[in-house]
């Protein structure tokens, strides 16, 4: 519970009074209302992940696929793709179509039967039936793979009774229409012989004799075959391959159209039966060869079997599995036996199921097979049986999304209309038609789909683990591949193969994507931290690829010096670890960046570049991996920026050089310019860099910083360079934890309680004696004063306080070593106990030290120490040098230069500007609380966790890093008003959001347009956070004074092959698409805004906890919204919708929440998607990983890199569209626009079409005479009411979601459709009867005419003699 203070009440009242006039004064009209929103999943694309069941409707030409998570996909022709999901989310084990009836029966792993109807465009579940007593609690035989109740289904053609085989060996009959269980049951004890003493096992197959529907074949797992007479209710025939042992087990059975039977067995055998004797007439092993001993090879089981015939006399036996044991684990295959020829079709993945496509569904006729649909674990293959060699059909579905695992996604709705034709043209040039495919059309062509005319284009980008980037056309509800870019082709093959860091699987995996659709530039970030820049060209070219080396960013802050000192190395371009880096290059620890060889680099003569996206720049990251967490580019500025855990990098795309590379700590310090005159490319790596120009101030009120005298400049000691990286990392971690522990274990008094709560974990710099105190902006995260700039002072000497690391440094050393060597899993528990014991001993032995020790004043200026020892002689870690001189206020006001040398260690800041001596006076004279007590109190409250430990978006698993390391999470280029002192100047700015909630800015000074390629770009930091929010910054966007979204600036694309080309009209994408109808505003001029206070912009900032709308340049928070308290936001984006904009958030609770802008008024908050359904992308969900250091303090928090990966594949875009990676192989699109939901039904394809059923085969005269041919069966008489009532304990009926009035509505609509069909048939019958009546009338008139003619002829010749004729 938050502490109530009078000061907090006044602060909240003051902030509310300041914010209220702005909303009323500007009177921004917001048009979005809650009724404009409706959340709905729209289209699903890709291959069903982990498929488990397959079904085929031969009349409707539809294919159904079920998977292990309960999803069901019904596929037809192009655009016909329906997706539903079972509510329980259990695996779909079996699926059967009601052929030509528009219905489907499925079985899930929880023993439920479900009836689905797809007569409408969206399939619906009608009802379910749950079996309760057909599952054994344990496995009966070792051949059973898993315990499941329902094992098989059989649905005869044009029958409403389905046979259900179970684990217990029983066969039940269910009425499909009512989903009621029939009283007719075939129990296993009645099916087996009387002399059989053991259980026959589960039912593995049920099928009926094609010639006699009353004869039902039941195949048991143990190998027993029974032909059951449905009329006589008795077993007519029994057969077994052997004695019923494990090797005789049956897996599948199939009938031939003439009544012959074939079974597939567990040892790879095929047995043919005549049902006249208990033994098979023949047994064959298709893939077993004789060994030297004369015995046959052992084979794997045959899992699936079908036996089809054609009118030409060919008999096809098709089965999966059955290969020899030595090949079965390596090769997956489908075997086709055609007479004496055997064809083995090898598959890339394991075979889940297959079905043979035939011309007729009647089993008693020649089926005429023409194709095989094979469902693989990761693909769908259709084989042409009518073409020589059995080629495959070319798959028209987008089922290769998962060809390589998807690592990131980008979604552009309402993109420039010329992008899709451009990408398609270059994609067609690169994709030559692969030979070997069948020339026939794709046979799965059911349903009907009319392409809807879409007024805007949609493009999806997917980045993959193999370094490829795929461009997809997602317009009008379809998904088609346009173009594929391979980042691996940028590098030489040898470099890519060995280019990853140790243990890294994919060194070229795409981790971040940034596309400027207007300029057609694409930036791709790789795992190590390398960034590739591509430029689109329509034609093939030959040229060189420019390569630059990004200076390694370290936490050590070095000031910019004059051109004469240190070769002009600028701030945070630290090369102190060059020797370490060289050592690691030789050892291969970070071989990823140095071993990568860029193809066609400068000086190599170039390389051929295919049409499409061609590499224009490659930025290589030296040293250890620096994962990129934020990536953006601006073609108008010609700049590209990215950030990660260590800092931010800005690159000039025009001049191909690094403009700035700053650690996060450097962004908090006084304004300074950084620029680089020359690109540090690889061929210049060993050369001395050119001197950097002297620093010039950014703020007009500050004087220029003169360069230090040459003799006063400290030089790096060589001993520092020889330090190994491992020791350096440990030193850095220990120094960070040292300061955090001191703040955590100190007992706060009532006076400084609020200051202690407001501590932040940003960077702090300790120095020697100086004449000026550097102030950084640090607002309080929990008070309404968050938006006001507040200055804080650096903490002074606290060397008197007891540091936990002085007591337990060896514990941390051993912990670090054991973690590196992975000796045991209880490292943290043992460390926790040892820390408690040592701290108790220390408190008992050492007296408390008074904090009021006056520091010693040093009059002379000190230089920065470069070679600090890591440990003292007694083994304790050395404390960093602290400031010992008193800081006088007069000296601070007099001096305006910063000439002290800084040492970077973690900071502890206070929310008020006060002297260090006054701060120490507020602290208690002695530390009375114990180490463990203060530790648990520090981390027991949620609000303190939120303020002190913002969720780190780092990929680091170590909490030693997460405690105080601040990384870059969000970047945005914009023309904005960043200076309060100059409210009329619109400056190019890079806005930076960090993992600890800070919002920083970097001003950009661009040369004139004619000097852009010759003059450098100068950037300067703002000197501290402008705003501070709780949680990591997720997104930032800009509105004009009227609340309209300001389009980002860009440079239109032009074809380099043409000298003159008209610049295209401005068509912004993502947050700036003018064609979407959203309110877009050009950059407002000085007189365009009517605000009396001079505010011309709003910046919208969203973090993991809250959202703010801040007016610029006054930097006043005008609107704020606390979105979540204890949870967090996974993804946030500002999108355009219905002539306006809104903020959309996906929360960790699974909700989608939208807020209007700029007022941040709640619009919707609906339950959308549980975060657990996306857990397949996380590692902690699979392995149960929690943050190890936080587990010491009892906090079981999720490792934050998991949700980072989810956020990479969860996208929002314009017009309220969005998508996410629903499974490793599927993309699910959704919308929040109610108007689009109303139009969605028109965009969907018709799944079911009315088709005529083919006539059954005609029975010949001799077959009918001698008793042959198919015999009809009255199933209603057998399984209906006359069979009795079923036991209520066997199965439970579950009504579908359309219960009550909905169910009545469905029944009414079904009845109405049936009535309309009957009415149509009556009308047709009436037409035929009227036609028959007309024909009868005509025949009657003709007969009367004939009669009169005959009568006249008779009268004419009546009195004449024969000789008168």
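The backbone N, Cα and C atoms fix where each Cβ goes, glycine too.
In TrEMBL, the feature region 'Disordered' is placed on 1057-1092, out of the ranges 985-1020, 1021-1056, 1057-1092. Annotated by TrEMBL as region 'Disordered', the relevant range among 672-724, 1096-1148, 1149-1201, 1202-1254 is 672-724. Checked against TrEMBL, the range among 630-658, 746-774, 775-803, 804-832 recorded as region 'Disordered' is 775-803. Within the model, the domain 'V-SNARE coiled-coil homology' (1300-1360) carries an average pLDDT of 80.
Under DSSP, residues within the domain 'V-SNARE coiled-coil homology' (1300-1360) fall into helix, strand and coil as 56 helix, 0 strand, 5 coil.
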